[in-house]
Amino acid sequence: MQIMATPFLTLNHIAFHVTNGAALLQELVNKFQFHLFAVRVTETTRQFAVKKGSAVFLVNERPKLGVATAQQKARQEGRLGLIQECTDLSCIPFNHALPIVCPGLDLLYDVCTSCSVDTASNVSFEVEDVDRLYRRLHACGCQILIPPTGVKDDSGCVIYCVIKSIVGNIYHTFIDRSRYTGEFLPGFQVIDSPAMASGLAEITHFDHVTYACPQGSSSQVLKWYEKCFGFQRFQLHQEENAEDGYIISGDGVGLRLTAMQYWTCSKVALSLPLPRKQSDCRFVLAESLPGQGRNQVDTFLEQHGGAGIQHVALYTPDIIAAVRTFCCTGVQFVTPPPAYYTETGKEEEIRAAGQDPQLLSQLGVLLDTDVSMKGEGRGCQGMVERRHLMQIFTKPIFSEETFFLELIQRQGASGFGEGNIRALWQAVQAFIDQKEREQSN
Ligand SMILES: O=C(O)Cc1cc(O)ccc1O
Ligand SMILES: [Fe+2]
């Protein structure tokens, strides 16, 4: 059997499909302080690109029903591809020099999914050779939604293709941008919105993306990503088992986590281990364990209409400053169980990490410690090494109990800690249970 080369991937953006693009845009810009930098508005489609550090979200607005029909009609009449001038830009929350002129009518770099609820559904990568990857994916039996397609504007051209993953409504767009000098992608108008003062709530990159998966599906998903994109298994915790993943159960928690990561050019060229680059984002598969009652993973699957992206973790070098800022801008976070901060040894653990236990508890930020032996077996005396990890989850971003964001700050720890996973699970569960109680009253 021919061994296929691993494609070199870099994360480009994560895309949403929503009914009201302006509402999500406002949330990302006004609350999370993302910077709106590129827009594409046609008669039928609105696409907004926002960024903070290297984390880029693309907000795709689902065409309204009547508009979708107009689009079909335009296609039949051969009008698609005409230049459309767009004047209705009231959705963009800034003053800027427009009008924008957008080629074509259709959504670019993505496909309209059948998913009827708001969703984050596309993880898009930059690749070196879309055509070669396309042939490889085709040979692997992948469902190709858009074969290699070129788009150009004054700053050059890109080639992209879109494929469907085997997980729910998750798609991947692969883009070769090597012949493009513009800020984002052809077809988008780069806009000059006032740069937000990002100082206090710095986000540098996407740390990980977590998929909510049906029970028993994780190993198949992992195999698919290994086979198609050369992803590698990544160990989240020392106690993780190669077969079963990392299982956290008891005290109302019933979760199985498995993680995977992709290869970037530098890792392949120099061979691992290398420090993580800011573009290296990991993927976590979360499934519930059998035999438990209602739980957040199954609630996601129900309300989302199947598997999908449950959350995206944004990396911040200063989680305290970020949470303080985001609380003022109106971001809502789930509340950890109060007992978390009073557990035996927690206060000392927080102090040993150089943090203030009272402040962490006030803000609802969780801190875990990864303890390992350093230098053992190399002729020198073993030394205990403590690495820390701080996390917090937002409440769901849409009206369903589905997608949310996470803030994460790592101080040496590269995986996840059990204490945090339990507390995060319990915090999300308490929020869902409370909401359900309110709705049934
Ligand atoms: O953070 C993660 O990626 C995994 C995760 C998922 C979940 O539903 C609850 C807690 C948790 O840590
Ligand atoms: Fe997470």
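Each Cβ is built from the backbone N, Cα and C atoms, and glycine gets one as well.
In TrEMBL, annotation is done automatically, which means it is predicted and not curated.
Record check: TrEMBL places His311, Glu406 at the Fe cation site, and the matching candidate among His205, His208, His237, His388 is His208. For His208 (Fe cation binding site), the Cβ neighbour count at a 10 Å cut-off comes to 21, with all displayed protein chains included. Within 10 Å of its Cβ, the residue among the binding-site residues His311, Glu406 with the fewest other Cβ atoms is Glu406.
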